[in-house]
Amino acid sequence: MRLILLGAPGAGKGTQANFIKEKFGIPQISTGDMLRAAVKAGSPLGVEAKGYMDAGKLVPDALIIGLVKERLKESDCANGYLFDGFPRTIAQADAMKEAGVAIDYVLEIDVPFSEIVERMSGRRTHAASGRTYHVKFNPPKVEGQDDVTGEPLIQRDDDKEETVKKRLEVYEAQTKPLITYYGDWAQRGEENGLKAPQYRKISGLGSVEEIRERAFEALK
């Protein structure tokens with residue numbers, strides 16, 4: 001099972017990724033984790049990546065693809081792998097294809113942007129303990145106060161409506177085109193000797209369990 005998980009920030013990809021990893025016994029491939037591990041290990045690609053990161057520059061796609069290919073050779077990828085948060089752009093998807101990285105499924109978790117804004121901007125956090133609430137879905141007993149300590153709850157900057165909307169705009173511009181890219185490739189079939197992935201789209205609305213069952217059904 002080799003798959004890419006697509007969906008906007010706040011669509012619930014992380015939660016579903018955990019279910020998929022457990023069910024199929026595959027690792028989640030995170031480019032951030034890979035970069036940190038390569039830098040720490042001092043591998044040639046890691047040293048090169050560190051140069052870009054220390055200069056505050058983006059690590060080039062070609063270098064990231066090199067790290068991906070190295071990572072996929074490890075024994076835990078024998079039964080497959082799950083990409084979450086990569087590729088983010090058409091250029092990265094093209095680079096993956098050219099590198100011969102095989103993908104069986106592309107699974108999109110579809111949630112309307114208005115729902116994502118409500119989900120994320122309604123979050124409230126107790127700073128000291130990390131306990132989280134939601135003004136609509138999981139409200140505290142007393143508005144604005146932590147259930148255990150009675151201390152005030154905060155809204156993290158990441159959860160503020162304007163921040164959420166900006167993240168969704170970036171997703172719309174950069175990553176959403178991948179949905180068309182993989183959908184079209186699935187229809188065209190094999191290219192350059194690489195089998196086209198099957199494209200699946202599920203609704204990300206409903207309970208966590210309902211979405212999990214939809215995901216498992218889509219990956220049969």
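Keep in mind that glycine also has a Cβ here, set from the backbone N, Cα and C atoms.
Secondary structure at Gly12 (ATP binding site), as computed by DSSP, is coil. Residues or ranges marked as ATP binding site in Swiss-Prot (evidence: sequence analysis): Gly10, Ala11, Gly12, Lys13, Gly14, Thr15, Arg123, Thr132, Tyr133, Gly206.
Sequence-distant contacts of the region 'NMP' (30-59) (same chain, six or more residues past either end, CB-CB distance under 8 Å): 66-68, 70-71, 84-86. Look at Swiss-Prot and you will find 30-59 tagged as region 'NMP', backed by sequence analysis.
Listed in sequence order, the residues of the same chain lying 6 or more apart from Phe86 (AMP binding site) and placing their CB within less than 8 Å of its CB are Ile4, Ile29, Ser30, Thr31, Ile64, Val68, Gln92. Here Swiss-Prot flags Thr31, Arg36, Lys57, Leu58, Val59, Gly85, Phe86, Pro87, Arg88, Gln92, Arg156, Arg167 as AMP binding site.
Under DSSP, the residues of the region 'LID' (122-159) split into helix, strand and coil as follows: 3 helix, 10 strand, 25 coil. Taken from Swiss-Prot, the feature region 'LID' applies to 122-159.
Taking CA atoms as the reference points, Lys57 (AMP binding site) and Arg123 (ATP binding site) are 32 Å apart. Comment: AMP site residues Thr31, Arg36, Lys57, Leu58, Val59, Gly85, Phe86, Pro87, Arg88, Gln92, Arg156, Arg167; largest CA to CA distance 31 Å, whole number.
Nearest by CA distance to Arg156 (AMP binding site), out of the binding-site residues Gly10, Gly12, Gly14, Arg123, Tyr133, is Arg123.
Gly14 (ATP binding site) sits 15 Å from Arg88 (AMP binding site), taking the C-alpha atoms as the reference points. Looking at the region 'NMP' (30-59) alone, the prediction's average pLDDT is 88.
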